[in-house]
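K.L.:
Copied straight from Swiss-Prot:
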REGION    1-300  region 'Interaction with MAPK8IP1'
CROSSLNK  72  ubiquitin cross-link
ACT_SITE  156  active site, proton acceptor
CROSSLNK  158  ubiquitin cross-link
MOD_RES   184  phosphothreonine
MOD_RES   187  phosphothreonine
MOD_RES   192  phosphoserine
CROSSLNK  209  ubiquitin cross-link
REGION    301-338  region 'Disordered'
REGION    354-391  region 'Disordered'
MOD_RES   367  phosphoserine
MOD_RES   389  phosphoserine
MOD_RES   439  phosphoserine
REGION    443-492  region 'Disordered'
MOD_RES   455  phosphoserine
C-alpha cells in the first residue's frame, strides 16, 4: 500500500492528465479520497490492490495502482467501466485523482472462483445456481459485445473475475484491465491460460468470439466444480500447447445433450463456428425454465460429522465418466469413471418430481417413476451415507416431457443451434452411497458411435466400461469433444513454437518473412532462445521456491535452537536453585541439631 501511495502521490494535475486521454471522453464522478474510509485489503485485480472501504455510508471496493507500469491498465478499466451500465457488470461509482484509484461496487459474496474452489467450508449450490450464473455472465458479455459505437471484448473472463452478490444469486463481471474495443483486435495474450481461446495466445487477430470460448470453459467448471486443465499443471505454456493441439476439458457424464452441444460449440477451434453471445443468451434463457430455484441464497454447511465428513475436501464418493479430449491420440479406449474431488452441487428440491410427474401425465408421452437414482429429495445436513447431487438426467427428461407436444416455431436454424437442442439420448443413472461434498456428477450418456473415444496417453486411470442395456451392444459413451476434422492436431513439426507466447509482448519474436532464409533463421533462433529463456525462468522460479522453503526451515531451526537454549538455561537455573536449597536445608538441619542439643543440656542441668 505504501508503494501505491508513493505511485499516486503526485500532483492532482498530473493525475488528471493521466486520466484525460485525448482520444476518449470519460464519464465518471470525481471523488474526494478524504470521504473514503479504507477497512481492509480483499485481493488483487488485473492491476493494483483491491480494498474494502466505506464511502457515503455504504460498502465500496477501491482499486489503487501500485506502480507507474499499471497506469495503462488503470486507464483501460476506467474508460470501459465509465461506458457500461448493466446489472451483471460491476458498477463504477467514480474515481479519485490523488491518490489515483477507482471506487466501485462491493461484492460481499466474493468471487465465483472462491465459491467453487475456495477454503472450507464451501457452500452447497444447485444446478439452477450453476446455470443462472452462466446465464447472467452471458447477458453481461452480450451487453459488452453489443455496445455502440464501439463494442467491447473483455478478454479475461474467468471465475476470479466474476463476483457474487445477493446471497450468491446475482453475478457481476469485473476487472476490465485487459478489455479492449472490438476494432482494436489486439494480438498480445493477456488473460489466463486455462480459460484463454487458442487464437489469443497463438498471436492471431481475434474477435469477441474469444469471450465465447472462455464462457464455455466456465460452464464446464461450474457444472463439474473442477479447475479446468488442472491435471496438466506446470507453467502456463503447457496448457496453451495442449489447447493448441485440440485438448479440451473432458465431457461430463449424464450431461443433457442441449447443454453439452452448446458447451462444445463454444470450444470450437474455428471462432466462426462458435455461437454468438446473443445466441447463448437465448439458449440459456430457454434452458433456465427447467432449472427452478436459482433465486435461493447459497447455503453453507453448519458443521461436519465425525464420520467421513470432517474432511470433505478429500471426499471422493462420486464419480464422473469423463474422457480426455486430446485429439492427437484417438483410440477406442473408454475412460474410467474418474472420482470428482469436489462433489458439492445440492439436489434439486422434491417439488421438481411433482412438476415432472404432472407434465408427464399431461403430455402422455413419458412415464418415468421417481426411482432412487433420479430422486431429488432434499436431505438434511446431518444425513450420512446418502447421495446428495443434482441429477441433470431428470432435467433432460423434463425438457422432453414439456416439449414433446409443443408446436414448433416458424423459421429455420443452423445445425447444432438451439433449434434442435431437444434431441436427447438415453440417460443412464448410477448410484453411490458414499458421503461427500455435492456436485453435478454421474452424468453418463449412452448411445453414441464407437471408435470416437480418445484418451490422454499419460492418464493413469484407464479401464473398460460396458453397459448392460439390452437395446445396444455399443460401449458406454465417454465421448471427447474434438475440433473440426480439418484442424491439424497431431503435433507435427510444422506446429508453431509456443514457448515464446508466454513471454511479454515486447519480448516475443516478430513474425518472419517466409521468403527469406535469413529471416526464418533469425526467427527460429529467437524461438529457441525464448524456449531456453522460459526454461531458465522456470528453474529460477523453482530455485526461488526452494530458497523460500530453506529459509523457512532455517527460521524454524533458529527457533528450535532458541527454545533449546532457553530450556538449557532454565535447567541450569533450576539446578542452581536446587543446590542452593540443598545447602540451605543442610544449614537449617545443623541449626536444628544445635538447638535440640542445647535444650537437652538445659533439661539435664535442671
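Our numbering is plain: 1 for the first residue shown, then up by one each step along the chain.
Any Cβ shown, glycine's included, is placed from N, Cα and C.
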K.L.:
Whole-number Å only: compute the distance from the Cα of residue 72 (ubiquitin cross-link) to the Cα of residue 192 (phosphoserine).
P.N.:
19
K.L.:
Which recorded positions are spatial neighbours of residue 192 (phosphoserine) here, meaning Cα within 10 Å, out of 156, 158, 209?
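P.N.:
Within 10 Å Cα-Cα: 156, 158.
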K.L.:
How many Å lie between the Cα of residue 158 (ubiquitin cross-link) and the Cα of residue 209 (ubiquitin cross-link)?
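P.N.:
Cα-Cα, rounded: 15 Å.
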K.L.:
Name the residue among the recorded sites 72, 158, 209 whose Cβ has the smallest number of other Cβ atoms within 10 Å.
P.N.:
72
K.L.:
Rounded to the nearest angstrom, how far is the Cα of residue 209 (ubiquitin cross-link) from the Cα of residue 156 (active site, proton acceptor)?
P.N.:
12
